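Here is the structure we will look at.
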Amino acid sequence: MGDNVTDISKFDGEVICEAPNNRIPRFEGKLTFRGQNFPLDNEKILLRGCRLRNTRWCYGVVLFAGKETKLMMNSGKATFKRTSLDRFLNILIMGIVLFLFAMCLICTLLCGIWESVAGQYFTIYREWDPTIKPSWANTDVQIAIISFLMFFSYIILLNTFVPISLYVSVEILRLIHSIWINFDTEMYYAKNDVSSRARTTTLNEELGQVQYIFSDKTGTLTQNIMTFNKCTINGISYGDLMTDRGEILEITDNTPALDFSFNNWYETTFKFFDKRLLEDTRKGVPEIQEFWRLLAICHTVMPERKTGSQLEYQAQSPDEAALTSAARNFGFVFKSRTPQSITIEVNGREEMYEMLQILDFDNVRKRMSLLVRTRNGKIILYCKGADTMILERIRPDTSPLLKDATMQHLDKFASDGLRTLCLAYKEIDSDYCMDWLSRYKEASMLQGRSKEETLEILNEEIEKDMVLLGATAIEDKLQDGVPATIANLTAANIKVWVLTGDKTETAINIGYSCKLLTEYKEIFVIDGKEDHEVEIQLKDTFRRMGREKTNTPPISMTTQLPSYKIIHDDRPNPLRDDIGLVQPALNMASGGPQSTMIEEESPQGTEGYALVINGDSLAHALKPAYEKMFLEIGCQCSAVICCRVTPLQKAQVVALIKRNKKAVTLSIGDGANDVSMIKEAHIGAKKACKLFSPLTTA
């Protein structure tokens with residue numbers, strides 16, 4: 001219909017969709033228009049608060065409004081927060097007021113007794129005031145009236161019992177303390193010229209009583225700045241600087257980076273140091289060409305043209321932005337996207353690909369695929385995702401040497417604390433592809449559970465027998481001072497809970513990087529999808545904790561292998577995940593020097609427990625039937641990581657601790673999805689710049 005207002009005004013389609021709910025990552029529905037059905041999913045929905053990119057205007061249909069929008073249904077209730085001192089002062093003042101009324105009543109009774117015994121006889125010398133002496137009243141009524149009026153006189157006389165000045169003194173002290181916080185030089189960030197800001201005068205008195213800290217991960221514990229560091233292509237690892245004798249050189253700030261100025265679209269901020277990758281790319285090695293082409297095409301990034309023909313990328317996640325940026329600097333530039341096509345530039349020549357279908361990433365699939373048609377009619381499926389998912393779906397005749405080399409490189413990248421993704425592709429027959437697309441469209445029209453199951457079967461059908469290209473390794477830099485800060489908090493017996501929307505494996509890897517998880521902590525992972533699965537896992541975890549608490553014999557420790565317990569996991573190798581190993585410095589080679597078991601008695605045993613739970617499992621764990629058990633398990637752990645959680649679930653977790661533990665809570669976040677938990681906690685902190693400093697928290 002384009003921008004024809006007349007045609008738009010005649011729109012008579014019908015939308016059938018799900019009822020209002022708070023599930024942000026999912027939407028189910030269909031549009032019936034002119035006898036045709038069009039599937040509606042989350043990719044075709046604009047949530048409240050979203051902004052249009054690369055589009056000046058669009059026509060749309062409002063499905064939910066007001067309190068029925070997903071964002072509003074994920075918002076917590078605004079409550080007035082009172083400090084423990086405020087609550088104590090309120091009770092104290094109420095007690096003093098009751099004491100004042102009791103004293104006035106006692107004095108009133110004594111006054112009445114005195115008037116009836118002796119005071120009435122003094123009227124011989126001086127009459128009562130006629131204004132309070134009714135002509136019809138006898139002596140007893142007059143005494144009662146005088147006693148009643150004397151009650152208010154005593155209130156005026158004894159009002160100094162109520163310490164009004166106490167409130168003034170406390171508020172002055174609070175104001176001075178908040179000013180100290182605002183001018184604290186240890187909390188000043190010179191780079192952005194930002195200092196701390198106490199938004200309330202009651203902040204200082206609560207900070208010293210914090211027992212639980214709830215923190216977001218991305219942008220709070222980490223800088224949310226991803227850098228492309230290393231990769232492996234066709235069994236060859238790139239990214240390390242090697243000497244002539246094959247020794248790895250350490251990369252420092254003084255190490256010269258490669259010169260990409262030959263590329264008109266290069267970025268001055270991009271740095272890479274291994275010249276072998278650049279040389280092989282310019283030589284046109286086929287595997288490397290496909291590697292970069294996949295990174296330039298298989299994503300959901302949106303390009304944006306700035307002034308002076310400057311090209312910028314807007315990505316849903318910094319991971320995709322880092323990978324697309326790497327392909328751009330090596331000569332494979334993603335230039336434009338439409339709903340039907342993607343255009344890239346390879347060494348000065350434009351290549352346009354018709355987009356046939358996007359198989360998006362989710363927490364279950366752990367991979368993303370893109371089905372495209374080239375100009376010469378060839379249909380290719382590009383896929384990237386978790387190594388455990390990709391390696392299961394490569395061709396059976398893949399060279400064992402290539403597969404083993406890639407796995408070893410993935411292990412090495414993981415030991416360096418990097419986030420990894422595997423890449424693969426396959427060519428697809430045109431007739432089969434058209435048949436598959438028609439079946440996929442029919443399945444998209446279904447509703448409920450049958451839709452998910454049918455789509456999963458179709459995805460598995462096409463995402464198999466792929467050609468393994470290699471893997472990428474990117475680094476998510478931590479905020480400065482995070483490990484030292486968490487160590488100080490742990491030493492102070494403050495529990496740290498990380499509530500994040502990231503994948504489970506990503507959060508675990510960051511947990512090790514920031515020392516929230518260590519090799520001496522027992523880690524329990526709860527990832528059940530159904531109610532009964534979560535119940536079994538919670539009971540099993542609780543039983544193991546109780547058994548190990550009552551029976552702590554000398555343990556056998558391996559210097560490299562952590563005590564990592566996965567309660568439910570169907571992956572072929574539980575020590576692997578889609579970003580590498582959850583334990584740094586783990587050598588998987590059997591018989592190697594690091595695989596030797598070192599028997600020694602640990603007088604302290606483990607450093608405690610850690611719990612990792614995803615959003616689907618958390619939804620069941622927060623039900624009234626299981627929340628007590630979940631709370632008991634979480635409170636026994638020194639660290640808890642909740643992954644793939646919604647803003648509402650973040651607030652529910654904080655409320656669970658507040659309601660049952662009566663402990664002071666602190667929530668830290670940096671985005672709109674953290675507002676709910678910040679409002680729910682006793683203290684809310686918003687990160688504006690560098691957040692952590694060992695000196696500050698010590």
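Each Cβ is built from the backbone N, Cα and C atoms, and glycine gets one as well.
The active site, 4-aspartylphosphate intermediate annotation in TrEMBL covers Asp216. There are 25 other CB atoms within 10 A of the CB of Asp216 (active site, 4-aspartylphosphate intermediate), with all protein chains counted.
Per TrEMBL, the feature Mg(2+) binding site maps to Asp216, Thr218, Asp670, Asp674.
In this view, Gly501 (ATP binding site) is surrounded by 22 other Cβ atoms within 10 Å of its Cβ, with every protein chain counted. What TrEMBL records for Asp216, Lys217, Thr218, Glu320, Phe361, Lys384, Arg419, Thr500, Gly501, Asp502, Arg644, Lys650, Asn673, Asp674 is ATP binding site.
For the transmembrane segment (91-115), the list of distant contacts is 143-144, 146-148, 150-151, 154-155, 158-159, 161-163: same-chain residues at least six beyond its ends, Cβ to Cβ under 8 Å. What TrEMBL lists as transmembrane segment is 91-115 (among others).
Annotated transmembrane segment per TrEMBL: 143-168 (among others), in sequence order. Non-local neighbours of the transmembrane segment (143-168) in the same chain are 89, 93, 96-97, 99-100, 103-105, 107-109, 111-112, 115-116, 119-120, 128, 132, 134, 137; each lies 6+ residues outside the stretch with a CB under 8 Å from one of its CB atoms.
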Between Asp216 (active site, 4-aspartylphosphate intermediate) and Arg419 (ATP binding site): CA-CA distance (Å): 18
Nearest of the recorded positions (Asp216, Phe361, Gly501, Arg644) to Asp674 (Mg(2+) binding site) - Cα to Cα: Asp216
Packing count at Asp670 (Mg(2+) binding site) (other Cβ atoms within 10 Å of its Cβ): 20
Those binding-site residues, out of Phe361, Gly501, Arg644, Asp670, that come within 10 angstroms of Asp216 (active site, 4-aspartylphosphate intermediate) at the Cα: Gly501, Asp670
Nearest-integer angstrom distance between the alpha carbons (Cα) of Asp670 (Mg(2+) binding site) and Gly501 (ATP binding site): 13
